[in-house]
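A short write-up of the structure that comes next.
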Amino acid sequence: MGDIVVIKCGGSVLDSLSDSFFTSVRRLQAEGAKPIIVHGGGPAINGMLAKLEVETTFVDGLRKTTDSVLSVAEMVLCGQTNKKVVRKLQKAGVKSIGLSGSDGELVRVKAIDEAILGYVGEPVHVNGELLHMLVADGFVPVLAPIGVNDEFEPYNVNADTVAGAVATALQAKELIFVTDVAGILKDDELVPALTPEEVESLIEEGTIYGGMIPKVRSAIHSLTGTLEAVSIVNGNDVFFAESGKLIGTTIKKQVIHSQG
């Protein structure tokens, strides 16, 4: 196998990730893949901001990040959430290392709109050489979405965006979105494979609805460059079976017949 696989864990599912999830990461690595995990941490940041009585607002889904908010975000993402994921991986027998985009200039960013969003950045460069070195040595890097600009100032970055940038920079073959659902269901049955066109049809007919719509559209948007497949899996269960098969819904560029 030997391919880079980027796994994005949203903040909303981090606390509920089961032992089976971490076992699946170990199994994926044992099959020869080279996993890299990118995590969010929105709910944990919200909780700490509330505890410290720091106000926070959102603009078009992005957290407006002032000096105070950034300090809390960096503390929670890098110091708490990141290390929690690393410890759970190590407990499952996975050699892992926790990093942020600041470490080794892993994720260089530029401000999106400082006047409106404050210290919120978008990736302009990923240090793929460092990540390749780590995975070649058997590590699973766990990345917190804090990056630095050209002046080495920290910026808050959307975790989905970081995952996409890492996947592109390292020419990953697959990007896995870890959610709280098994994948896309139709008539209560898991749909194992779809094309982007089939996804849009399921949205139009109402099979895909609510919070799943932005998840699948984000997945489709990620299908660029060498990325051949984006999968949606359940973090509360095994997502990589002993047979070597991914359990979830995989969206691929090329035409797939999901039935039969």
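Using the three backbone atoms N, Cα and C, a Cβ is placed for every residue, glycine included.
As given in Swiss-Prot:
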SITE      LYS8  site 'Transition state stabilizer'
BINDING   GLY41, GLY42, ARG63, ASN156  substrate binding site
SITE      LYS215  site 'Transition state stabilizer'
Query raised in the report: Roughly how many angstrom lie between the C-alpha atoms of ASN156 (substrate binding site) and LYS215 (site 'Transition state stabilizer')?
Result: 21
Requested in this report: For GLY41 (substrate binding site), list the number of other Cβ atoms lying within 10 Å of its Cβ atom.
Outcome: 26
Query - Under 8 Å by Cβ from GLY42 (substrate binding site), counting only residues of that chain that are 6 or more apart - result: GLY10, GLY11, SER12, ARG63
Requested in this report: For the recorded positions LYS8, ARG63, LYS215, work out the Cβ neighbour count at 10 Å and name the residue with the minimum.
Outcome: LYS215
Report task. Determine, to the nearest whole angstrom, how far the Cα atom of LYS8 (site 'Transition state stabilizer') is from the Cα atom of GLY41 (substrate binding site). Result -> 11
Requested in this report: Express the distance between the Cα positions of LYS215 (site 'Transition state stabilizer') and GLY41 (substrate binding site) as a whole number of Å.
Outcome: 16
Query raised in the report: Taking the center of the Cβ atoms of GLY41, GLY42, ARG63, ASN156 at the recorded substrate site, which other residues in this chain have a Cβ no more than 8 Å from that point?
Result: GLY11, GLY40, ILE45, ALA73, LEU77, PRO145, ALA159
Report summary line: One finds that other Cβ atoms within 10 Å of the Cβ of ASN156 (substrate binding site) number exactly 24
